[in-house]
Amino acid sequence: MNILRGDNLNRDTIVALSTPPGIGAIAIIRISGNKSLELTEKTIKNKKINIKTLEERRINHGYFYDENGEIIDEIMFVYFKSPRSYTGEDMVEIYCHGGILVTNKIIDTLLKLGARLAENGEFTRRAFLNGKIDLIKAESILQIIEAKSEKSLKLALDNLKGKLSNEIEYLRSSLINVLSKIEVSIDYGDDIDVPKEEILNDLINVQSFLKEKIKHADKGLHISTGVTMAIVGKPNVGKSTLLNRLLVEDRAIVTDIPGTTRDVIKGELKIKGVHFIISDTAGIRMTEDKVEKIGIEKALNEAKKSDVILFLLDATTGFTNEDEYIYNLIKDCNFIPVWNKIDIAEKVDKDIVFLRNSVVISAETGRGMRELEEKILESVKVLVEDGELSHVTSKRQLEYLKRVEYNIIKAINSLKKNMPLDIISIDIRNGLEQLDELMGRNFTEDLLDNIFSNFCVGK
């Protein structure tokens, strides 16, 4: 059951902790809804302030009391009057001392007096429903919070300021203009005849704009969500040691027993400002062990969907049949051959053509790691390098743009075949509907649930 459906959204006053739980200097508690000021009057006291006539956007001092009149904490608080607030509703922010007991007692008091604990992302959801932001800006707020690199933060900030939203509005107005020309031709064809060539050129321009956005979307997505990288190789080649070396922490178990890693282990790192999500996978070999087979299957799936693979080889054994077996499985992927254990190897076998551009390292000592990082960056340069960006930062956004392009291409093809204008207008209207869903003009509760459930409770 979703308690946000129906009239509950407008009636309920919600409360939540907006800072991370735990011990800290200051904690922030948010209240939003039409009873925000009433709850403030019941719980916060300051003889010099009349809560009923509280000046908005001004920081005030006071004491927070529970429902029995017992003091909980000395606080500061700010009142934001509707609609000039984050949510578009009456809001109060309470700044209390950080600590689990203090914040819990304040929130418990507000709940007892009629507030409801906010759901994930409900403050931002209300901001959207009250017309303060569109869905793209709502997504950008979450991306700012989760940003792992300077580039991803900049993209998210650009979209919060309206970069992608403005481009979508341009597309929308262009399609409305084309639709108007078609409707004029249909309704007043005897008096006003808009040339089909003009309509066709307008649609081609829209499709070209969309094509560019979609073409460069991968770059925005990689910057926003991170570049994926997998370590593959035969058992006991040093994959877990390399993962720990790259992450500068012990995330994976390191032993001399082949096949120790059976599940995919993931970590995150930055190399010169580029955010990577790296996976350590099970050792790949021919085996009859059912459990190990499952791990190997997971390893291959993880590797093949990654942006770059580190193909780890053992410098002490040279290129083996097991290595050749793995090579044949990943040869069509973007991979970097990496010779490990150079600290204990006598020589490195670089005679094989596809290994001539390999990197030589010791995951144990750290030798060659700088060269490996440079090689990794070079292999994904096209995905993250500076240049044209589409500011498409989520798969949802990309999917909607592809749907719009599909409808515009249909309209263009129909126009070239001299199909009736009223048929062509259907495809254009479908494209407009997709743009409106992308921005949030049209939405379903399931769509909102999917987006805002990723937020923390206090946002």
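Cβ coordinates come from backbone N, Cα and C, glycine included.
Feature list (source: Swiss-Prot):
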- R30, E93, K132, K459: (6S)-5-formyl-5,6,7,8-tetrahydrofolate binding site (BINDING)
- 226-381: domain 'TrmE-type G' (DOMAIN)
- N236, T255, I257, T260: K(+) binding site (BINDING)
- 236-241, 255-261, 280-283: GTP binding site (BINDING)
- S240, T261: Mg(2+) binding site (BINDING)
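The distance from the Cα of N236 (K(+) binding site) to the Cα of K132 ((6S)-5-formyl-5,6,7,8-tetrahydrofolate binding site) comes to 55 Å. Taking every pair among R30, E93, K132, K459, the residues recorded as binding (6S)-5-formyl-5,6,7,8-tetrahydrofolate, the greatest CA to CA distance is 18 Å. Annotation note: K239 (GTP binding site) sits in a helical segment as assigned by DSSP. Nearest by CA distance to S240 (Mg(2+) binding site), out of the binding-site residues E93, A282, K459, is A282.
Between the C-alpha atoms of K459 ((6S)-5-formyl-5,6,7,8-tetrahydrofolate binding site) and A282 (GTP binding site), the distance comes to 38 Å. For K239 (GTP binding site), the nearest of the binding-site residues by C-alpha distance turns out to be R30; the candidates were R30, E93, K132. When the binding-site residues R30, E93, K132 are compared by Cα distance to A282 (GTP binding site), the shortest distance belongs to R30. Neighbour density at the Cβ, taken as the number of other Cβ atoms within 10 Å, is lowest among the binding-site residues R30, K132, K239, K459 for K132.
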